[in-house]
Amino acid sequence: MNTEPSRLSGEDELYVGGIVSLTENSLQKNNITHIVSVLKYDFKNFNIDWNKYKHLQIEVDDVEDENLLGEFETTGAWIEEALKGNGRLEGDEGEEKKKSAVLVHCAMGRSRSVTILIAYLLRQYPSLTPHTALAQIQQIRPFAEPNDGFMAQLQLYYEMGCPRNIDDQPKYQRWLYQREVELAVATGGRPDWVRFEDEEQQDKQKADGKEKEIRCRMCRRNLVTTPYLIPHTPTPKYTSSPNSLVNPQTTPISSLASTPHHNTCTHHFLHPLSWMRPELELGNLSGRLECPNQKCKAQVGKYAWQGMRCSCGVWVCPAFSLLKGRCDEVTTGKRVDGGSGGIRLPPGIRGNGTTLEREKGSL
């Protein structure tokens with residue numbers, strides 16, 4: 001069996017391998033000074049003199065729903081700092097200096113370790129994408145292939161700009177909440193708490209001067225604006241099973257894709273907003289959405305944590321819907337100084353923008 005790790009091309013001494021690479025002979029041959037272990041394993045009785053190496057262990061399984069994304073900054077910063085050193089450990093002053101070399105390994109050197117290595121490359125080299133970084137690794141390790149869940153996490157990391165403060169990123173927080181929702185829905189329930197998007201920090205948006213507002217047809221109360229709408233493309237054919245799935249938590253909240261008009265599409269899907277709180281905190285799996293205007297209280301939509309199908313054929317799960325027949329759509333020209341997105345926010349965090357409206361007519 002070949003126990004040698006694979007060295008990445010370039011100036012940095014970066015290696016990737018499996019647990020079989022952890023032999024004194026292999027480590028000494030490749031001048032390894034730092035080891036990143038990406039697996040659950042007890043190394044206490046492993047036949048290596050650990051005093052010779054600096055060691056970081058990330059205990060994760062190779063499954064798609066494992067959270068490696070939250071470890072990318074920890075491992076990236078550790079590898080960066082390791083490669084800046086000279087490979088000398090504490091107490092080695094008398095030994096000849098040598099360049100640091102980092103081995104990133106998991107069980108097989110195929111998925112977890114490759115994911116961590118890709119994340120490091122994305123962090124250090126902004127011109128790379130997850131797929132181009134993977135292609136580089138596959139040149140020296142052809143069977144390298146992170147599982148689909150890890151690739152999705154790398155893509156999200158890339159889209160966020162490989163932030164150093166990942167815990168504070170709205171997209172990361174939304175992704176964590178998505179995991180809770182998916183687990184609850186899979187077990188026939190609903191999450192223990194509801195993330196109301198208009199109360200959360202939002203991603204910076206590119207304003208084009210136009211924004212869509214959906215209003216109650218009865219009282220004209222604004223219900224939702226563009227940043228909180230969930231785009232979905234009508235499917236060409238309606239079938240009896242979910243043939244097209246939209247996951248609200250993974251749909252970008254910062255923009256509304258232009259979707260083709262479809263006569264049979266009767267829903268506006270949106271993220272949970274604070275005006276829904278009285279209904280959603282009842283703990284029901286499904287129910288009605290009423291206009292938050294206390295003098296109106298007209299039914300404007302419905303929700304279902306287990307999902308619902310739009311009349312155009314798209315299945316959305318979980319689903320929060322405004323019925324087009326009970327709402328009007330307005331296009332506005334907006335100069336925004338705050339981040340309210342047209343939603344009524346608590347005093348003190350409202351924007352001071354001005355709005356010019358152009359009625360598009362009832363739907």
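Using the three backbone atoms N, Cα and C, a Cβ is placed for every residue, glycine included.
Whatever TrEMBL says is automated annotation, not expert-curated.
Keep in mind it's a predicted model, so treat the numbers as computed, not measured.
If you look up TrEMBL, you'll see 4-163 marked as domain 'Tyrosine-protein phosphatase'. Taken from TrEMBL, the feature domain 'Tyrosine specific protein phosphatases' applies to 90-142. Annotated active site, phosphocysteine intermediate per TrEMBL: Cys106, in sequence order. Annotation comment: TrEMBL describes 338-363 as region 'Disordered'.
Helix, strand and coil residue tallies for the domain 'Tyrosine specific protein phosphatases' (90-142), in that order: 24 helix, 4 strand, 25 coil [DSSP]. Mean pLDDT for the domain 'Tyrosine-protein phosphatase' (4-163) in the predicted structure: 93.
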